[in-house]
Structures are given as C-alpha cells and as structure tokens.
Amino acid sequence: MKVDGMSCLALAVASFVAMATAGRSTSRRKHKEVFLGENSKFKFGGRIDYKLKRQDSTKTLLIKSEQLLRIEESDFAMRPGFGGAAIPVGIDVQVESIDSISEVNMDFTMTLYLRHYWKDERLSFPSQTNQSRTFDSRLVKKIWVPDVFFVHSKRSFIHDTTMENIMLRVYPDGNILYSVRVTVTALCSMDFSSFPLDTQNCSLELESYAYNENDLMLYWKNGNDSLRTDEIVLSQFFIEHFHASSGLAFYSSTGWYNRLFINFILRRHIFFFMLQTYFPTMLMVVLSWVSFWIDRRAVPARVSLGMTTVLTMSTIITGVSSSMPQVSYVKAVDIYLWTSFLFVFLSVIEYAAVNYCTTLEEMRKMRRGKIPSTFDASQAMAFDGCFHDNDIELTTFTRMAPTLTSDPLTTPTQSSDLRPPEGTRLRRQRSVRENVDLLVNNSYMIDSYSRLAFPLSYLLFNIIYWSLYS
C-alpha cells in the first residue's frame, strides 16, 4: 500500500512538471511568433503577420513607398526613356522676394520656388481614386530628377528649416511635380553710364548641367504665365517688368543646351540721391556765389568761403565714389559732381582775379598820385572789415566836352564845316588789350558780371543735364 501511495505521488509530480514545461514552451512559441511577426515586415519586404492583424484590429495595412513605386525594379540612374527622344521638363517659377541688389559686386539675391514637371512611367502605380501621393526629400534621393542649375550663380542653397524645403508629388499615371525653395545669388552685368538715373536689366538663367537638347528639353510650363511674383518692394529700385524667355546655349565640348531666362527690369529711385547728392551739391554751388556780393577787399571772408565750398564738394565726390564700383567710364553723377566742382573752383579763381586786378588798380592810382602817400589800408578795414572806394580821396577829373552830335535841322554843309572840339574822342571798338585794361582799372566789374554769368551758366547746365538723363 505504501508503495502504491508513493507511486501515485510520483506520477502526480511528474504530470505537474510536464504540464508546467508544456506551458512554458507554448509561451515561448507565442513570443517567438510575436517577435517574428513584428520583424517580418522588415525581413520579407512588407509582408506582415495576418494573425496579429486579426488580434489587433486597430492596425492598418502598411506598404512602403519604395514598394508602391517599384523603385527597386528600375535603374533610376538613367533618365526616363533612355535612348529615345528627349524628355520634356516643364519649369514653373514663383519669385518670393528679391533680397538685395549690390552695385559694388554687380549681383542680386533672389528667393524663389522652382517647380519641375515631367513624366516617368517607371513611377506609375495603380490607384482606384486617381489621387496623387506626396513625399519629401528622403525619396527624392532614390529616383531620377532633372539636374537644373543656375547659370552665372555665385552662391545658392536650398532652405532646410525645419526640414529640407523639397516636395515630390507623384500621380498614378507617372506625372511628377518636383518643387524646391531655393535662394540664389547670381551675376547681373550692370551699366552705370546713366547712374543714378539708370535702368538695369538683370536675368536669372536656368539650364541642365549634364543633359543636352538631345536628352532633355527645358520649357516654360505655361508660357509667360509660368513666371509669377509676389508683391516685391525694394528700397532703391522699382521693378518695372518681369517676363520669361528661352533660348539655346552652345558649349564646344558638349553641344547645345536649352536655357530658360527670368528677366526683370529695375528702375532706380532718384529721390534718395536727390537728398544725398544733388541737393547738397546745388547748395554748395549757390553758396560759392555769395562771395560775389562780399567786398573784394575782404580777403579772409572770401577766401574762407571759397575753400569751404571746395572741400565740401571734394567730400561729396569721395563719398559717392566709395559706394560705387570702380568702372572705367564716366557716370552721369560724375558729370554733375565734377561740373559743379568746376563752378565752385571757378568762383575761387574769380576772386583771385579780382584781388589781382584790385592790387594793380591801386598801384596805378598810387603812381598817379590819386591815393595819398600816408593812406593806410588797414585803418580803412578796421571798422567793418571792408575797404571802400569812397574812403579814398581822389582828385577830380577835368570835365570833358560832350561828343559832337549832328542836329537834324542843320544842313549838310553846316555839319561838314563843324569840327569836334579839342580834347574829345570818337567812339570806336575796343581791342582785347583795352578791355583787359578796363577790367584792371575797374575790378569791381568782374564781380558784377559774375553775379549774372555764374547763375545763368549753371542753370543752362542743369537744363541740358536733366533733359538728357531724365
């Protein structure tokens, strides 16, 4: 009996151990199935464990984009339709902003949305709703895209905040939209002959780098409507016109390439330069004319005024030249500044001539005894800083007889018998020497003529200048 009891107990323990071992193995198999089910989608190309799907009804059928577009089945290192006709690639551009325009570097910076349109049947996929699928930059690196670049570009970059600003939209029939947001700094050959009254014509050029016209044909997607712009406001320029154009570029080693142009015409605002350059220059020229109304013997006043205007004009010319490129031709602003500087310089030369003629006049009068030998010019200038002609005691001139004029009532015989009295001189045209002597003897006339000649000459110059360059 004891033996049978021990046997029964051993059998019970053995059966319990077997049941526990079977439960652990079953649990291990279940965990193994779960592990394989979670990793089977990575190991077997997108297949999932349908048992798990039945167990968790919230999960959806996951299919990778590469598997949908059959990327692994094609070689995207080659263009679509390789070996056949050139693939057409449409271009559509929306200009977001023109960030800067530099006259010194002769370039401009533009931010734009560049969109490409083409068809690649290798990326077509079945769809019951005929809806497109949109992807980001991660898929772009695995398919073929046009290699469009900016000709004459100095710097360019694709915006990458917070992700790369790249969009790829694939339609079921294989049509593709590829959009990228890019900022580019490109060369603009400017002509400053009419600066600052100039109009500049700049262009941004797009071209394929590797594929010539036999492999890729670039064209504007919607003609002239392919180029759209937002409202762009610039500080120094007004955008007159945006337009798109196309052409061909030839390279001796690789052949002909399609090239697209984004042309825009810029007209410079003149008001800034009127305030900073033209108005100060005009004021300096007018200020130099003030010396014509100052007494010719007030040497410190007239010299200091002349030198001040000359130095101010030099400062204005230097400031304008430092902000401009070093071109080898004359600009419109240079003509105005240097002509104005010439007027200011001539006003200083005018006073030098007046002062010299005044000195000669006084020396001649002193030789003739018309100025007392005890006269001191410094005493005459002590009160108001000026030396006046009425401070000098001049000897009276002998009264000259009037010039003979014929009386209309007299007969020809009577008028022929008359002779001019002694001491009179007949009028005749003065020679150049006599005119110079007249100015030397009457130096105040130089100032009188300058008060009229300088303003009229400067006014005539402004009329010609603004009529030519406006």
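Glycine too: its Cβ is placed from the backbone N, Cα and C atoms.
As the structure is a computational prediction, the values presented were derived from the model and not from experiment.
Here is what TrEMBL says about this protein:
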DOMAIN    75-269  domain 'Neurotransmitter-gated ion-channel ligand-binding'
DOMAIN    277-364  domain 'Neurotransmitter-gated ion-channel transmembrane'
REGION    403-427  region 'Disordered'
TRANSMEM  270-293  transmembrane segment
TRANSMEM  305-323  transmembrane segment
TRANSMEM  335-358  transmembrane segment
TRANSMEM  452-469  transmembrane segment
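Summarising model confidence by region, the domain 'Neurotransmitter-gated ion-channel ligand-binding' (75-269) averages a pLDDT of 92. Within its own chain, the transmembrane segment (335-358) is flanked in space by residues 277-278, 281-282, 284-285, 288-289, 291-292, 296-297, 299, 302-303, 306-307, 309-310, 313-314, 316-317, 320, 439-440, 443, 446-447, 450, 454, 457-458, 461, 465, which lie at least six positions past its ends and keep a Cβ under 8 Å from the stretch. Applying DSSP to the domain 'Neurotransmitter-gated ion-channel transmembrane' (277-364) sorts its residues as follows: 74 helix, 0 strand, 14 coil.
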